[in-house]
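Please read the structure below before turning to the comments.
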Amino acid sequence: MNTAVQLLFRRSLPSLPWTRQVRAGLLPLFAAHLRLSSTGLFLLPSALSLRLPPDPFALPAAINACAALPNSLPVGRQLHAISLVSGISADPFISTSLVHMYLKCAALPDAHRVFDETPQRSVAVWSAMIAGNAARGRASEAFQLLDQMRSSGTQPNLITFNGLLVGLNRSGRPDKTLPLLQRMHSEGFELDSVAVSSALSAAGDLEDVTAGCQIHGYANKTRLEAYASVASALLDMYGKCSRAEEMLRVFDALASPDVASRSALLAGLSRNGRVDDALAAFAEFRAQGAELNVVCWNSMVACCSQNGKDMEALELFRQMQSAGEEPNAVTIPCLLPACGNVAALMHGKSAHCFSLRQGIIVDVYVASSLVDMYAKCGRITDARVVFDAMPKRNVVTWNAIIGGYAMHGLANDAIEMFVSMKRHRQKPDTVTFICLLSACSQAGLTEEGEHFFDEMQNEHGIDAAVVHYACIVSLLGRAGRLDEAHELIRKMRNEADSCVWGALLSACRVHGNVALAEVATKRLFELEPTNAGNYVLLSNIYASKGMLDEVERVREMMNAMGVKKNPGCSWIEIRNKVHMLLAGDKSHPQMSNISEKLERLGAEMKRLGYRPSINLVFQDVEEQDKEYILCGHSEKLAVALGLVSTPAGTSLRVIKNLRICGDCHATIKFISMVEGREILVRDTNRYHQFKGGSCSCGDYW
């Protein structure tokens with residue numbers, strides 16, 4: 001229809017006899033076409049050149065069409081100028097259209113100027129100004145306009161209040177939204193689906209389940225619950241308020257769930273850590289052939305990535321593409337953490353290439369996720385290349401590169417980036433100093449770490465959180481200043497948590513301080529009695545001192561508490577496939593080759609005088625069996641798999657879910673020398689780069 005109208009104008013305009021009657025007849029058609037499609041703006045120059053005068057019908061249509069187009073503010077200003085020259089700018093229809101256009105083009109001062117110059121202000125123009133100010137975070141100005149509206153004799157209607165509610169919500173002011181809803185109700189307004197949806201969203205953001213339940217009751221009573229927007233808002237609210245069961249009940253009660261409701265359910269399950277339920281629901285939706293959009297897929301990829309199901313996240317991304325759903329700038333930051341967690345470098349590179357092809361690499365969150373992914377995959381140089389190429393950076397970006405250097409033990413580079421961050425006038429936050437203090441702790445830069453701890457509080461006004469104290473305790477403890485670390489814990493303003501006491505216990509292991517280790521574990525057993533790592537660490541400290549009776553006592557404590565040691569797990573990517581190996585597990589199809597390789601390496605190591613650290617084995621078995629158990633550690637299995645599956649000289653990257661043990665550390669140093677390989681192992685603390693028989697950590701970890 002639009003194309004037909006355009007052809008009609010193009011063919012008939014040059015040949016028409018331009019009488020007053022013809023002009024008058026064309027004006028309604030011109031205005032109608034502008035209302036039908038924003039492409040009708042091309043007619044405006046032709047109409048003006050043929051002396052079709054702009055009138056209060058055609059010009060508002062042109063202004064509204066302009067507001068619907070991107071980057072159309074210059075054209076909008078020209079239309080405004082035409083209205084001024086034509087003497088019709090004061091017309092209520094034109095002034096209202098101009099206000100809407102300037103608000104949509106984010107030109108708030110221009111909208112205010114037109115509004116102030118409008119002699120007769122309708123409810124529509126008042127409502128537009130109130131909603132526009134609210135949506136841009138100017139809550140005080142919006143409420144002032146509401147009072148002025150009433151003072152002028154114009155009474156607000158439901159549209160006025162709904163615009164204010166929606167605007168407050170979009171600008172992140174849920175604290176203002178719920179009181180406004182109460183005010184509307186007290187003034188006798190009958191709330192509709194827009195008002196209820198906005199209020200539910202605010203209740204969710206505030207995690208105010210009491211208010212959310214009250215609004216739910218109103219929606220149920222007024223039958224607004226049947227509206228799709230209200231149903232989605234209810235699901236979102238209960239999800240944010242950690243009421244997964246209520247959320248499921250709301251969804252099950254829906255007669256015909258739409259795609260927005262499915263998306264809200266999946267996001268809510270993910271937010272509450274119900275990853276298995278989310279996966280089951282998603283599989284059921286797909287089996288039913290239900291409509292799923294990119295938001296649903298993104299929710300599932302993020303759900304798996306954030307809840308330790310990294311392999312599932314990678315598989316979902318593959319299925320998403322196979323299903324013909326186009327990933328976007330939200331998908332990639334959801335996927336990349338999973339790539340980094342299991343060192344799936346090739347998958348991460350594929351996501352990088354996809355971002356380049358789609359032009360979303362310029363998105364600051366996409367690029368920041370790439371920086372983090374490359375750092376976690378052991379490619380800190382590539383992380384820096386992406387960082388340097390970014391046109392715009394935020395604090396997340398800077399934290400990613402500083403944290404990447406910290407993870408690789410490159411403390412001086414981390415400090416250099418922090419200095420550059422301040423030089424670029426980017427304000428550091430809490431996470432920045434966690435990364436910086438961690439870098440200093442890993443490298444033994446005690447004085448520098450203490451300096452940054454003071455700078456954080458005195459220069460940047462950031463109060464030290466428990467996690468910062470954990471970094472400083474680790475920093476002092478690694479330097480052998482255990483008593484100072486213990487004294488710092490005693491002087492903390494906040495109660496020390498398991499991270500702080502765990503940092504002290506780790507330092508006690510390094511320096512063999514049994515007395516202080518017992519103090520730390522006493523508190524740790526109170527704070528997290530089922531954490532096997534604390535028992536094992538204490539046992540290793542006893543074992544290193546030959547205190548076998550105490551080792552037995554710790555084992556009995558674990559048995560009494562029903563605590564079992566967490567199994568070691570490692571990942572290695574070989575030819576675009578990520579392999580997962582569990583300590584002691586024999587199910588891998590190449591296990592015979594792995595075992596044979598480890599036996600040959602073990603024999604060579606013994607021939608050269610290497611002896612395994614059997615005191616690290618927390619089991620009551622013979623010495624020969626202890627050596628066998630050490631061979632079954634997951635990082636050794638992963639390295640051996642890499643050796644038998646890749647050409648000589650190929651670098652290997654291994655990720656481990658626990659800290660690397662001393663025996664594995666010594667073994668992989670030896671392997672890197674004998675095999676002539678660079679081997680990167682990332683444990684829960686940092687990256688270890690083994691090359692030529694030495695490690696980048698300098699045996700300080």
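Glycine is no exception: its Cβ is also placed from the backbone N, Cα and C atoms.
Source: prediction; values computed, not measured.
Per TrEMBL, the features are as follows:
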- 609-701: domain 'DYW' (DOMAIN)
- 122-156: repeat 'PPR' (REPEAT)
- 157-191: repeat 'PPR' (REPEAT)
- 258-292: repeat 'PPR' (REPEAT)
- 293-327: repeat 'PPR' (REPEAT)
- 363-393: repeat 'PPR' (REPEAT)
- 394-428: repeat 'PPR' (REPEAT)
- 429-459: repeat 'PPR' (REPEAT)
- 465-495: repeat 'PPR' (REPEAT)
Cβ-Cβ under 8 Å with the repeat 'PPR' (394-428): same-chain residues at least 6 beyond its ends: 364-365, 367-369, 371-372, 374-376, 378, 380, 383-384, 387, 435-436, 438-440, 442-443, 445, 448, 452, 456, 460, 462, 682, 686-687, 689, 696-697
Spatial neighbours of the repeat 'PPR' (157-191) far in sequence, C-beta under 8 Å, 6+ residues away: 123-124, 126-128, 130-139, 142, 146, 149, 198-199, 201-203, 205-206, 208, 211, 215, 218, 222, 224
Secondary structure composition of the repeat 'PPR' (429-459) [DSSP: H/G/I, E/B, coil]: 27 helix, 0 strand, 4 coil
Close approaches to the repeat 'PPR' (465-495) from elsewhere in its chain (Cβ under 8 angstroms; 6 or more beyond its ends): 430, 433-434, 437-438, 440-441, 444, 446, 449-450, 453, 456, 501-504, 506-508, 510-511, 513, 516, 519, 700
Chain residues outside the repeat 'PPR' (363-393) and at least six past its termini with a C-beta under 8 angstroms from it: 329, 332-333, 336-337, 339-341, 343-345, 348, 351-352, 355, 400-401, 403-405, 407-408, 410, 424, 426, 653, 680, 682, 687, 689
Across the repeat 'PPR' (394-428), average pLDDT on the 0 to 100 scale: 95
